[in-house]
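Novice: Dropping a structure here in structure tokens format, bear with me for questions.
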């Protein structure tokens, strides 16, 4: 498909011209701008542009949704018209970060740490779902699992479980790599740090509770100071803080140690200092904080599950808009590490579905062919766990579909939290989300899915039909 040069020129004009662009890059579907001043954006001009399927501002970036395939051509034409150079996603993030407040920068840092390791976590979640299907009783046979009926599948299921658990067993190694990379230290030292915190000689974190109860927690005697000899398997906070310290120590030493001595001194001193800090101060302190956070969420889930589901289910779409939803990845991982499951992630899956249903309803009530096409494609994307096209390209532009999606998400969340539905792991959101749910809880989760499918669709459809004006991609009602 050829790109209309005039349409690209109009995009350039709508974002304030080339002088307003600090940097621009693109991802699979979107142009990502770091602009000098977002107040000059002509939103209406973008909405009527034939190339544009939606736009939104998030984390200091202004993003214009173009679509897969064609976005590269639009980007190339944009660079041709501006005379600019290609920029990387990191360039855009660095420029955008300069306009963020401290809270936004903290959330962005968390996102930049966890997003690179998400493929490993999501893959593990999908494989855990497959393992649950093979070992869950009552799925294929009454009161029996598939591997109990067909013993030859036993080894197959065990290997899948081993592969799936690897990402969680060595989670500190993944986080150490990503966190140190983000802060600017040596990625290899980050991996070593993460693996050091789960060394086999340490008491496994999952056995810590029993060891405390039995009084068998091993200790190091460090000049009379008793240091608990425990590992941090599956923990998030210890390795995050330790990685920050490691990177800062390494950067400090690299600036001061002569080049001829760096190989001999920087890495050993960095690991030595960070190791002692981790086991003496950082580990015990953050382990306690992580347990407090886990206890707080578990307490809400046990004593006020419906209220918690209502609040989180209704507000989750707003968290996505602000980018704050990335912070809850750490909470999910902490819950999985401490309790073996998470009750937050199933709500996310239903929120994806609700956004898709609201966008799908717009297709049936709109007479605008462009909006119809955008609605169906973005709905399919949301049903498969990617909500940005539906949320920013359709629902937020018309407003009431977004509100309907919030209501549908909250309704489904109330249902599944009332039945104590939990996921064994983070996985793919949307309709495939059931794969990460414990098989015994599929029934109530499917009810929640139906609510998330039906409620937003009906609300959006009824409100849309009561509107007298034709619903188009240019409406902001």
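Backbone N, Cα and C define each Cβ position, glycine as well.
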Novice: Would you mind telling me which of 230-251, 296-317, 318-339 TrEMBL tags as transmembrane segment?
Specialist: 230-251
Novice: Can you say which of 205-227, 343-365 is given as transmembrane segment in TrEMBL?
Specialist: 343-365
Novice: Cβ pairs under 8 Å with the transmembrane segment (230-251): which stretch of 109-133, 263-282, 343-365, 400-422, 442-463 has the most?
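Specialist: Ranked by Cβ pairs under 8 Å, first place goes to 263-282.
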Novice: Against which stretches of its own chain does the transmembrane segment (263-282) lie, if we need a Cβ under 8 Å and a gap of at least six residues from its ends?
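Specialist: Contacts with the transmembrane segment (263-282): 186, 189, 192-193, 196-197, 220, 222, 225, 227, 238, 241-242, 245-246, 249-250, 253-254, 257.
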Novice: Which sequence positions outside the transmembrane segment (109-133), separated from its termini by at least 6 residues, show Cβ-Cβ distances below 8 Å to it?
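Specialist: Hits for the transmembrane segment (109-133): 59, 93, 139, 146, 157, 160-161, 163-168, 174-175, 177-179, 181-182, 240, 323, 326-327, 329-330, 333, 423-428, 434-439.
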